[in-house]
Structure formats: structure tokens, C-alpha cells
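Trainee: Mind looking over this structure? Questions follow.
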Amino acid sequence: MRTTEDAEGFDGEASNTSMISGASSPYQPTTEPVLSRNVMGGIRCDMEYLKSYFGILKVVEVVLSLIGFICIETIMMCSPCGGVYFFEFVSCSCFVVTGVLLLIFCLNLHTKVPHVNWSLTDLVNTAASTFFFFLSSLVLACINHNTGAEIAAVIFGFLVTGVYGVNSFLAVRRWRRGNGCQGAAQTSEYMRARTASRGEMEARPELA
């Protein structure tokens, strides 16, 4: 049987061994705080976009679309109602889609999805909104009951049509400019590759 002194010596050696192995172990406990992942990191309000032409136009489009939708919603009775329903659908759809795009561009969410051509998406939205707002306003102007709400909806409909038209013109210019820069970059890359290949051929004339 072990004596008390032997047991104490064994315990001391075990504690020293554990301290040495703990000091030499690469897996040391850390006291550094673990930072939680910020899911909303990088999302901020881009005031520069709101101050730009596209930001101002989008805000005006959202406001005018909402006013037109409110005007058409105040009509309680109509016969026929085709023009009213058509304008109601167009104003509500344009308000929602343009509002979503405004939020995406203001919060820089489009940078999170770089594989989407956002310039072309904005162009398609503005062009379609221009066409359908003009058509629905024209139909409502021809088929109405001369009520104040219908006349106000027609006025705001043509106003927002003009704003969407200006936005479409600027969006086309931006889209063409982007495609031109992309085409120039691809051409430059192609010429650089040809030059490098030609240099290799000149350096090794035996391959010619």
C-alpha cells in the first residue's frame, strides 16, 4: 500500500505534468469576446442616391402614384368601371414596384446581388410604368363620370407619366453608357490577350 507521502508526491507530479502539457498545448483557452455576426452589416441609407436625379425622380414617382391610387380609391360608385379598375391596378402596381426599387437602391441592397443587371431592371420598370400609366390615364379620361376624384386621378396620372418618361430617358442613357464601357473593357482585354500571345510567338520563333 502507498503511504500518504507517496500519494502526495504522485499528486504533485500529476499537477505539474498537467500544467506543462497545458502550457505547451496550442489549444489555449481564450478570453477574447466572441463577436456576434451582424446580419444587417453594410446596409445603410445612401443619401447621395436620394440627392441624385434618379433618387429624386423615384421619390416623386412613388408619391404621385400613391396620390393617384388614393384618388381612385375614393370613388364609391361607377358604371362602367373598367377605366377605374385599370387605373387602380396600374397605380397600385407602380407604387409597389417603384417603392421596392427605391428601398433597394437607397439601402445599397443591389450591391448584395451583383449578378442582376439593376440598370436594365430599372429601365424596364420605368418604361413599362410610363406606358401603362399613360394608357390607364387616357382610358380614364375617356371613360369617366366627371367626378372630382376621377379628374384628379387623371391629372396625377398624366403627371406621373411625364416623370416616368424623364426617368426612362435617363435610364436608357445610363444603360447605354454601361454597355459601352463594358464593351470597351472586353475589347481592351481581347487586344491585351492577342498582344501577349503575339509576344510569345515572337519570343519562340520555332513555333512559327
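Counting begins at 1 with the first residue displayed.
A Cβ is built for glycine as well, from the same backbone N, Cα and C atoms used for every other residue.
Reproduced below are the annotations present in TrEMBL:
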COMPBIAS  1-11  compositional bias 'Acidic residues'
COMPBIAS  14-31  compositional bias 'Polar residues'
DOMAIN    49-176  domain 'MARVEL'
REGION    1-31  region 'Disordered'
TRANSMEM  53-77  transmembrane segment
TRANSMEM  83-107  transmembrane segment
TRANSMEM  119-139  transmembrane segment
TRANSMEM  151-172  transmembrane segment
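Locate each feature and note its surroundings.
Mentor: The average pLDDT for the domain 'MARVEL' (49-176) in the predicted structure is 93.
Using a Cβ-Cβ cut-off under 8 Å and counting only residues 6 or more beyond its ends in the same chain, the transmembrane segment (53-77) has close neighbours at 84, 87-88, 91-92, 94-95, 98-99, 101-102, 105-106, 122, 129, 140, 147, 149-150, 152-153, 156-157, 159-160, 163-164, 166-167, 170-171.
Outside the transmembrane segment (83-107) by six or more residues, the chain places 43-46, 49-50, 54-55, 58-59, 61-62, 65-66, 68-69, 72-73, 75, 118, 121-122, 125, 129, 132-133, 135-137, 139-140, 142-144, 150, 153, 157, 160, 164 with a CB less than 8 A from a CB of the stretch.
Away from its own ends, the transmembrane segment (119-139) comes close to residues 54, 61, 82-83, 86-87, 89-91, 93-94, 97-98, 101, 153-154, 157-158, 160-161, 164-165, 167-168, 171-172, 174-175, 178 of its chain (Cβ-Cβ under 8 Å, at least six residues beyond either end).
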